[in-house]
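Working notes, structure below.
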């Protein structure tokens, strides 16, 4: 099974082949996703909420991200593996971003990193990393690390000025060398416009069907999350399946039916 390279993503866009991306934070999940044919596996900072029980992504540390990315790496053979840079592991200066990204590549073996935002300083940071051989996945629209500044998990790009800002951010990140862009929680029409104007692939999450691919949080996809965003879809209800299995085990033990005699 040949591992996917960074070239796969632009080739897929040119061929009109939709890309599929999901998140993973542990070995078993990563192995399942990889064998299912996922193009990109993201060790997302959403693990702060889905795996560690925090109310936002902000508490996640770089050390925790490295720990989870190492586990995911062991389960991935084919997919392109990207890790989020946690809050305050890259915003101080571009040199800090380089050290954080470098540690994730050296210690966890990821193929690239994801940074949130498309403002001028962040575009400069993206270019700085790319010039030093680090593939970067951009992320604009709703950027969860900025939830307080944005006033919560609200749709972005609804006004003409916001939409124009996001279009310009997408172009700037492409020029900086990002290999793809995550477009999160923005109007479908705006995401379609951005997808048409950039030469790199777009991965939508709550951004309509016209993006070059789609990305979801795996816990949402599998019905493991307590609350699923309105733009996501649960393809299973594993929360209920797991509960029923555990309750069946508890019942068997209480009735001395397990282990069998």
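One is the number of the first residue shown, and numbering goes on along the chain from there.
Backbone N, Cα and C define each Cβ position, glycine as well.
Source: prediction; values computed, not measured.
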Going by the 3-methyl-2-oxobutanoate site in Swiss-Prot, where 45, 46, 114 are listed, which of the candidates 26, 34, 84 is also part of it?
84
Which one is it, among the binding-site residues 45, 46, 84, 114, 116, that lies nearest to residue 184 (active site, proton acceptor) by Cα separation?
116
45, 46, 84, 114 bind 3-methyl-2-oxobutanoate per the record; greatest CA separation between any two, in Å, is 12
Cβ density check for residue 84 (3-methyl-2-oxobutanoate binding site), other Cβ within 10 Å (all protein chains) comes to 29
Given the recorded positions 45, 116, 184, and counting only Cβ atoms in the protein chains shown, which has the most within 10 Å of its Cβ?
45
To the nearest whole angstrom, what is the C-alpha distance linking residue 45 (3-methyl-2-oxobutanoate binding site) and residue 116 (Mg(2+) binding site)?
11
